[in-house]
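Here's what Swiss-Prot has on this protein:
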type    : residues               : note
BINDING : Cys300, Cys360, Cys363 : [4Fe-4S] cluster binding site
Amino acid sequence: MGMTMTQKILADHAGLDKVSPGQLIKAKLDMVLGNDITTPVAVKEFRKIGVNKVFDVNKIAIVPDHFTPNKDIKSAEQVKFIREFAREMGIVNFFEVGQMGVEHALLPEKGLVVPGDVVIGADSHTCTYGALGAFSTGIGSTDMAAGMATGEAWFKVPEAMKFVLKGKPGKWVSGKDIILHIIGMIGVDGALYRSMEFTGDGVAHLSMDDRFAMANMAIEAGAKNGIFEVDEKTIEYVKEHSTRQYKVYKADEDAEYVATYEIDLSQVKPTVAFPHLPSNTRTIDNVGNIKIDQVVIGSCTNGRIEDLRVAAEVLKGRKVHKDVRCIIIPATQKIWKQAMNEGLFDIFIDAGAAVSTPTCGPCLGGHMGILAKGERAVATTNRNFVGRMGHPESEIYLASPAVAAASAVLGRIGSPDEL
């Protein structure tokens, strides 16, 4: 049997001609990533290894983004600790306040990940870079420490699931709706330790921002990684953001998949994930009358420029409902500046929304929009577990920027078509 995209990348980085699902391998790493929560633990473990330098100062990225700008003394101490480590080791890609952004939006923008890479990150949504045709996956801080020291990591080669995307999505349907539709279909463990491989002629109708959102949420189906075939849009994106050489891996015709799904994108509707699982989905025409207290538009899933443009399209000339707080968080400084230059901030502020500096912030219940007991939020983030954004008795509804913006105006979960 042949190999999938993921299996080919892993085989090449392990120096092997072929790998099979379940095989344990040791592969070379192109990037090791950590943030302000996971890196302090990794640094402590790194010290225990007994080495005095990292394997490559250019192949490590440290992004303080979760509690940044520092929300309290403890978070300030954490960032100080990893800042000093980055300086000591000469790590090139340490992104301070003013340069930093939400890590999984920042690394592709900076050209640090290209097709065919193997990337590990001490953050579960590291799978985002599969949008570029890379193998990327989340790991723990101990593996980050070992990766920084050796430039290698061990993997169990995953089985694969194939998602053949067909047709063209309709108005207001984005990558977020498509991945919520898929997770609703297969469940939060439907792709457990498998690679989700996205292909088909429908991929051409998805922007890179759509693909980043979909790969980002592969972990919400339990996947080891999500990965898209490289096409002209990918190549154009990489050309614009990176000067690195790269290799494109295509699946063999006889590659083996444990399951294959065909998704007609024209039939996918705007979709909302109800509490408390990303798989608890309903289409927008079946949500009922759910009043809300807060809307958050941002995160590593939906804080990119296209997301903000869609939100602005919905909010333009309208007002956020008097009972709703609307918080908009561009994912990086570059996106923030672009949104400002395009006049999107005027639209947001005139509508009554607040615009934040780039940060993960409320997504993980960190800061910049914590929920109180009994409050409901519509968020363009990726997780709606109990207590994820604040009080354990609050509720989170996951949606696209279009639905989130419309809900901010309506005061309840709803569609832009209702405005």
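Heads up, the Cβ atoms here are built off N, Cα and C, so glycines get one too.
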Beyond Cys300, Cys360, Cys363, what residues of that chain have CB atoms within 8 A of the centre of the [4Fe-4S] cluster site's CB atoms?
Asp65, His66, Val102, His104, His125, Gly298, Ser299, Thr301, Gly303, Thr359, Gly361, Leu364, Thr381, Asn382
Starting from each candidate's C-beta and looking 10 angstroms out, tell me which of the binding-site residues Cys360, Cys363 has the most other C-beta atoms.
Cys360
How would DSSP class Cys363 ([4Fe-4S] cluster binding site) in three states?
helix
